[in-house]
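Colleague: Got a structure for you, questions after.
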Amino acid sequence: MRGPSGALWLLLALRTVLGGMEVRWCATSDPEQHKCGNMSEAFREAGIQPSLLCVRGTSADHCVQLIAAQEADAITLDGGAIYEAGKEHGLKPVVGEVYDQEVGTSYYAVAVVRRSSHVTIDTLKGVKSCHTGINRTVGWNVPVGYLVESGRLSVMGCDVLKAVSDYFGGSCVPGAGETSYSESLCRLCRGDSSGEGVCDKSPLERYYDYSGAFRCLAEGAGDVAFVKHSTVLENTDGKTLPSWGQALLSQDFELLCRDGSRADVTEWRQCHLARVPAHAVVVRADTDGGLIFRLLNEGQRLFSHEGSSFQMFSSEAYGQKDLLFKDSTSELVPIATQTYEAWLGHEYLHAMKGLLCDPNRLPPYLRWCVLSTPEIQKCGDMAVAFRRQRLKPEIQCVSAKSPQHCMERIQAEQVDAVTLSGEDIYTAGKTYGLVPAAGEHYAPEDSSNSYYVVAVVRRDSSHAFTLDELRGKRSCHAGFGSPAGWDVPVGALIQRGFIRPKDCDVLTAVSEFFNASCVPVNNPKNYPSSLCALCVGDEQGRNKCVGNSQERYYGYRGAFRCLVENAGDVAFVRHTTVFDNTNGHNSEPWAAELRSEDYELLCPNGARAEVSQFAACNLAQIPPHAVMVRPDTNIFTVYGLLDKAQDLFGDDHNKNGFKMFDSSNYHGQDLLFKDATVRAVPVGEKTTYRGWLGLDYVAALEGMSSQQCSGAAAPAPGAPLLPLLLPALAARLLPPAL
């Protein structure tokens with residue numbers, strides 16, 4: 001008699017293996033343990049394999065730890081817990097819950113306002129807010145996390161409750177009554193009809209949960225309600241509860257959108273704060289997600305319909321809600337991309353990052369890197385001033401020899417933060433992996449610290465040319481090493497492949513690209529003569545091409561004059577230069593009769609534009625300075641400290657004993673921050689050095705420092721550019737700052 005075939009042996013072996021396996025489900029409470037035991041028994045009686053066992057944990061966090069330690073295998077978690085489990089313990093989501101076929105494995109967190117109001121997402125500070133409950137996903141975690149992550153809400157020392165209580169002009173946050181900020185966070189709550197249960201995280205508080213938070217808005221207690229996408233439609237147009245005392249119409253409410261606009265309440269797919277992922281079953285990275293789904297799929301096939309002996313998606317028999325799975329679950333589905341990032345999604349991940357601040361992990365000090373004796377003195381005074389106001393974390397001052405030395409010390413975890421300019425931000429990010437935590441903001445009219453780099457030409461229809469046709473033209477530059485006059489335009493032309501330096505000889509390459517130029521310089525040694533060919537010197541013809549005002553074509557005004565007087569065909573200047581010297585703004589004889597409409601800009605796309613269209617037609621925007629830190633530093637804590645500090649010390653006329661943005665008391669300039677700074681600002685979505693600097697500025701820097709410098713052929717479009725900085729060239733010829 002022949003034995004079993006190979007295929008049959010494999011099947012028998014697989015059944016033996018599965019029969020010997022078990023999935024240990026982690027329960028977080030006695031009622032959940034009870035339901036888990038019943039589910040295990042139901043699965044066993046139905047012959048579902050592998051067998052299901054129940055492990056008792058004390059909380060979701062404890063269960064995650066048990067799974068990571070291989071003492072349990074699976075648990076269903078909400079989005080916030082999935083984020084922590086994935087980020088801290090490497091767990092992965094494998095099975096998702098479905099609640100509503102319209103939105104599938106997710107729902108949407110929205111901010112609702114009355115249509116008659118003028119509130120937007122950018123004007124929430126000071127308004128009255130209605131929340132479903134403390135630490136609830138839609139009513140608290142998403143809106144608060146989003147406001148923090150987007151920079152609208154600053155948090156000092158991880159004290160989110162205080163930050164929210166200071167931000168809104170009163171709130172109802174059911175469950176916040178036991179906190180230190182209950183006066184503000186419970187101010188709008190009213191309890192039940194007899195005034196009992198005020199601010200309880202239960203139905204005793206009339207403004208609790210989704211419908212309660214919306215009622216808080218509808219009755220005029222609050223100005224904005226943070227609820228889910230279906231809440232308004234479930235409580236208006238004839239569905240309003242009689243106890244509310246009024247009939248509500250959905251058309252009387254609108255949603256706040258992330259871009260500052262508003263939309264109808266039916267437009268929640270396009271206008272929301274975040275898509276909230278459904279709960280999901282998580283397991284260790286080495287666990288077969290397909291096996292878990294097959295187990296649960298067999299279970300839901302038998303035990304998710306009415307009349308079945310066990311109800312997987314009901315907790316009514318146990319006197320609780322949402323045990324093992326949410327009671328609103330209609331189906332369990334397999335997750336294709338089993339990473340916590342993919343499951344949670346971009347919007348929700350960003351909101352969670354805004355809340356990821358553990359006071360117990362917050363370092364007591366923020367070590368600031370300083371570069372000079374005056375800066376040490378100012379930093380010391382800043383540390384004392386912050387300490388007196390109990391600002392956290394406290395400041396410590398650590399000296400370094402140079403910006404690059406600061407970067408090295410930050411990377412080595414010897415220092416935490418330093419304020420850097422554009423080129424140094426590039427080096428800090430690309431070479432040392434640092435990221436921006438906060439930025440400087442200057443006055444809108446301050447063109448010396450925040451501006452666009454533009455290429456200006458005469459409006460000439462008969463001899464018009466584009467940026468791609470600059471070879472052989474005559475060029476006017478503010479000076480060698482000036483950001484708008486040299487670094488950005490030359491870098492942009494190199495990056496686009498028009499100028500190709502050989503053996504790092506940028507000067508010769510530029511001199512051969514243009515027919516003639518005026519590029520004033522301090523030290524003309526080994527300087528190509530054509531780069532001075534258009535320069536005119538002073539009125540007596542002396543000091544030709546020197547890197548100061550004795551050369552009439554020096555600086556941005558001088559470069560424009562070079563163009564005006566027909567010495568050059570193109571001038572590389574700031575976007576304000578034309579306006580500063582035309583239409584009567586400059587009374588000097590050469591500029592007195594000039595009109596701005598007689599000039600145009602050359603755009604990177606090959607077009608020309610009016611000089612007023614500089615925001616859309618420029619070579620790059622010079623970025624503001626930024627505070628740079630290690631990527632593991634909580635940037636919201638850094639900004640939270642600076643934001644609270646500038647409320648006290650940011651005004652140069654404040655009476656609090658220290659001026660953050662003024663260096664005059666220390667006999668220096670731009671110490672710790674540029675003196676022109678009006679406010680420190682959050683980085684928002686610009687969380688990388690490339691994001692902060694902007695693509696055009698980075699491209700210009702990479703053009704100046706790329707492999708093209710060594711004579712390599714221009715890369716194909718989209719090819720990476722390798723950094724090879726040119727410190728020797730800059731040190732040899734760099735003139736004073738322009």
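Keep in mind that glycine also has a Cβ here, set from the backbone N, Cα and C atoms.
Feature list, courtesy of Swiss-Prot:
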- Thr132, Arg136, Val138, Gly139: hydrogencarbonate binding site (BINDING)
- Cys26-Cys63: disulfide bond (DISULFID)
- Cys36-Cys54: disulfide bond (DISULFID)
- Cys130-Cys216: disulfide bond (DISULFID)
- Cys172-Cys189: disulfide bond (DISULFID)
- Cys186-Cys199: disulfide bond (DISULFID)
- Cys257-Cys271: disulfide bond (DISULFID)
- 23-357: domain 'Transferrin-like 1' (DOMAIN)
- Asn38: N-linked glycosylation site (CARBOHYD)
- Asn135: N-linked glycosylation site (CARBOHYD)
- Asn515: N-linked glycosylation site (CARBOHYD)
- Ser462: phosphoserine (MOD_RES)
- 20-30: region 'Antigenic epitope' (REGION)
- 1-19: signal peptide (SIGNAL)
Colleague: Given the recorded positions Asn135, Ser462, Asn515, which one's Cβ is surrounded by the fewest other Cβ atoms within 10 Å?
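Modeller: Per-residue Cβ counts within 10 Å for the recorded positions Asn135, Ser462, Asn515 bottom out at Ser462.
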Colleague: Might you list, by sequence position, any residue in that chain lying six or more from Val138 (hydrogencarbonate binding site) with a Cβ less than 8 Å away from its Cβ?
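Modeller: Within the chain, Val138 (hydrogencarbonate binding site) has Cβ neighbours under 8 Å at Tyr107, Ala109, Thr132, Tyr210, Phe226, Val227, Lys228, Val276.
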Colleague: Validating a neighbour-count step here. Other CB atoms within 10 A of the CB of Thr132 (hydrogencarbonate binding site): how many?
Modeller: 31
Colleague: Between Ser462 (phosphoserine) and Asn38 (N-linked glycosylation site), how far is it from one CA atom to the other, in Å?
Modeller: 88
Colleague: Counting other Cβ atoms within 10 Å of each Cβ, which of the disulfide-bonded residues Cys130, Cys257, Cys271 scores lowest?
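Modeller: Output over disulfide-bonded residues Cys130, Cys257, Cys271: least Cβ neighbours within 10 Å is Cys257.
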Colleague: Pick from Asn38, Cys63, Gly139: which of these recorded positions has the biggest number of other Cβ atoms within 10 Å of its Cβ?
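Modeller: Neighbour-count leader: Gly139.
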Colleague: Can you tell me which of the recorded positions Cys36, Arg136, Cys172 is spatially closest to Cys216 (disulfide bond)? Compare CA atoms only.
Modeller: Cys172
Colleague: Looking only at the region 'Antigenic epitope' (20-30), how are its residues distributed among DSSP helix, strand and coil?
Modeller: 2 helix, 6 strand, 3 coil
Colleague: Using a 10 Å cut-off, grab the number of neighbouring Cβ atoms around the Cβ of Cys199 (disulfide bond), all chains included.
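Modeller: Cβ-Cβ neighbours of Cys199 (disulfide bond) within 10 Å number 27.
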Colleague: Using the recorded hydrogencarbonate site (Thr132, Arg136, Val138, Gly139) as reference, state which further residues of the same chain have their Cβ within 8 Å of the centre of those residues' Cβ atoms, listed in sequence order.
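Modeller: Everything else in range on the chain: Ala109, His131, Gly133, Thr137, Trp140, Asn141, Asp209, Tyr210, Ala213, Phe226, Val227, Lys228.
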Colleague: Which of the recorded positions Asn38, Cys54, Cys63, Cys186 has its Cα nearest to the Cα of Cys271 (disulfide bond)?
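Modeller: Checking each of Asn38, Cys54, Cys63, Cys186 against Cys271 (disulfide bond), the shortest Cα distance is to Cys186.
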Colleague: Neighbour count first, Cβ atoms within 10 Å, every protein chain included; then name which of Cys186, Cys216 tops the list of disulfide-bonded residues.
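Modeller: In terms of Cβ crowding, the pick is Cys216.
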Colleague: CB neighbours of Cys172 (disulfide bond) within 10 A?
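Modeller: Step by step: centre on the Cβ of Cys172 (disulfide bond), count other Cβ atoms within 10 Å, giving 32.
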Colleague: Recorded positions Cys26, Cys36, Asn38, Cys130, Asn135, Cys199: which have a Cα within 10 Å of Cys189 (disulfide bond)?
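Modeller: Among Cys26, Cys36, Asn38, Cys130, Asn135, Cys199, the ones whose Cα sits within 10 Å of that of Cys189 (disulfide bond) are Cys130, Cys199.
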Colleague: Quick one, of the disulfide-bonded residues Cys26, Cys54, Cys189, which Cβ has the fewest other Cβ within 10 Å?
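Modeller: Per-residue Cβ counts within 10 Å for the disulfide-bonded residues Cys26, Cys54, Cys189 bottom out at Cys54.
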